[in-house]
Amino acid sequence: MEMPDNAASSRRPSQIDNANRRSARSRTENRQYRGLTCANCRVRKVRCGGGQPTCKTCEIYNDECRYDKAPPMSQVMAMAKRLQEAEDTIVSLRAQRSTSPCEDTRSRSSPSPQIATPLATAPPSVAFAAARPATTPLAPVIPMGVPAASQPNDQLTEVPMASSGVSKQALPPDLSLDENGEIQYYGPTSAVHDPLQRQQGTVTIQASSAGSRNPSRTDIRSALMAYAEESKIWEEFALGNASLQTGIPRQIIAKLLHVHWTWVSPMFMYVYRPAFIRDMATGGRYYSELLLTVICAHAAKYQDGNYADFLLARVRRLLGTAIQEPSSIPTVQALLQLSARELASGSISQAWVYSGIAFRMASDLGLQHSSPGIKGLGPVDLEIRKRLFWSCYFWDKAISLYTGRLPAVTELLHDSSLDLLDDSMELGMWAPYYGDSLNFTTLSQTHYPPRTSYAVSCFSNSCKLSIIVNDIIVQLYSRRSRTITESALRDIKARLDDWRAESPAHLQYDPDALPIVCPPPHIISQNLLYYTTVILAHRPFWPLATYYEVCIAAAHSIEKLVLLLESTFGLENITYLMGYCIYTGASVVLEDAQSSNQGVAHPVLSTFLRALNAGMRRCPLLERSLNIIIKRLSHASPDRQNMPTTRIEGGSRDGVQTSGGAGGVHMNPYIPAFPYLDPPMPFDVNMDAYLGDNNINSMDVLDCFPEMQLEAGDILPFF
């Protein structure tokens, strides 16, 4: 009887050991996933079990479980080593330049093209340093997410030509430095700084550096082009770094940035891509979490996913902090894009306010003073400042056209500032990218033949056109200072003709000789804006038959461009600016549709209505424009439909016909020039009728019906 007990006692220790081993193995298996968080749980901000291949949370939500891995330390160390080598090369090159000035002079004066300059033969980082002013201090930049122990020599090299150290003596009289070393603008009446004292210092600094060689435009252009090429190396590291910082999955950031560079960036160029990408990787001054989140939120409207609301909620949280801090270029860029997104979604007041803050910050940073004479700013800094100023100027005119308000940005840089030195995007290939959204276009992404982007020349040319748009708004539509005369029209028309003639051939598209495949949308947008500008310039003179025919021809040109866009890309992704051009074209042919009793069946008008209806999905703002047109058609009286309008021939004002409704109210057959204004029907010449106690002359609202002034005879004599 004791034997079984002894056998049982002999087996008991081995069983206990097996149980302990199983328990230890279970604890080890649980520990090996501890600390891993999948992309979905990171977005939801919930604890992740780290299970493989699918965690419990994703299994419950029936989501695809993905684990985003940080860049390996070997890659981080390789980049750090490369930066250190570049820094050592810069130091040695500067030492050679300072010890052998005669050889440097001979190499610059040699006419032989076979002799290469250090700028042309050095690596990209060296080329930037050669073009950079010698007085610019070197500021080390440490990549985010790199442990301190892994950094070679305890520090990494600088970000070339993106200097934050500017000497007070090197600034123009209207610019100063705040307590953070950032440039700020103060006018001549300011009591904040002493410009006379700084001017005296400027003479000393310039005199002491008179013997140093300033880089030529060719040198600067070459350096910027090399900078743009070098920034491509940083993209993979930048995406991983941004994902670690923001918690947004890397794949989503990469996809939304691709959408942004394809559809959003070419038109307004809010962000200089090379500096943004590099500083996203290194934590530089031209990147911020707010800017990245706004870019992703803006691009999310082109996608069918449901993460736009999440991104916008984060944007508003980050924005509350950013506007309490000193003005910065990333904050201005973020506000401009946030304004564009809010406008497209129909939040007009928010869009107007966000753009206003952006313009104020841009002025605070002195972006209107971005000439090469500012010492201490490298070519990258100046390139960013010039681009951002013109982005502000162009967007200011775009939002003014919709809201019917006077432009806010009135200062101008010199025309030479539109000669952007970095044209690396100019000859890049453009192809549509749809991400996860369904593609209903005639030519899918795989079948569209990639075209040359011409993004830089298109942006520069659009900014030149926006200057004419600004003058049209102020001279012909402002209630305070307009001069509606035929001489004013002749001057604007001559400038429009000159702009069209001087536009690069690759940006001009003749509506009567269009290609089969549509060019990139930003090029079509510029052509649409040109014909819209023609209509806006001539609308105050619609009662004159000659000028009305010019507008009819422009409206037909807009329709042909829209049909070309539809045949290649569809109309689902049209932008607000395209929508306004379509609305303006509809305002011209609306009278013809009414008088011919065709209504919505009018062939040209039906194209415009179809485009606005299709674009409402991505741009809800267009619903207002569509409703104004439909409301005008539905309130057209039968008498008005059957009665053609008598127009003035040959510029004579005799015989102007006015139609009277009940009680002698003047019926306007047109729709507002700016779709923000949606007055009740019928349209009354007395605009104060629906503004209540507000006097419209005391507001910055533009005249939506300038042609009524000519019909009423309240216009300056023609001369």
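Count begins at 1; order follows the chain as displayed.
Backbone N, Cα and C define each Cβ position, glycine as well.
What TrEMBL lists as compositional bias 'Polar residues' is 7-18 (among others).
What TrEMBL records for 95-115 (among others) is compositional bias 'Polar residues'.
The annotation domain 'Zn(2)-C6 fungal-type' is assigned in TrEMBL to 37-67. Confidence in the domain 'Zn(2)-C6 fungal-type' (37-67), given as mean pLDDT, stands at 83.
Summarising the annotation, TrEMBL assigns region 'Disordered' to 1-29 (among others).
Residues or ranges marked as region 'Disordered' by TrEMBL: 93-118 (among others).
Summarising the annotation, TrEMBL assigns region 'Disordered' to 640-659 (among others).
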Requested in this report: Go through the chain and flag residues at least 6 beyond the ends of the domain 'Zn(2)-C6 fungal-type' (37-67) whose CB is under 8 A from any CB in it; none is fine as an answer.
Outcome: 247-252, 307, 310
Query raised in the report: So how many of the residues in the domain 'Zn(2)-C6 fungal-type' (37-67) end up helix, strand or coil by DSSP?
Result: 12 helix, 0 strand, 19 coil
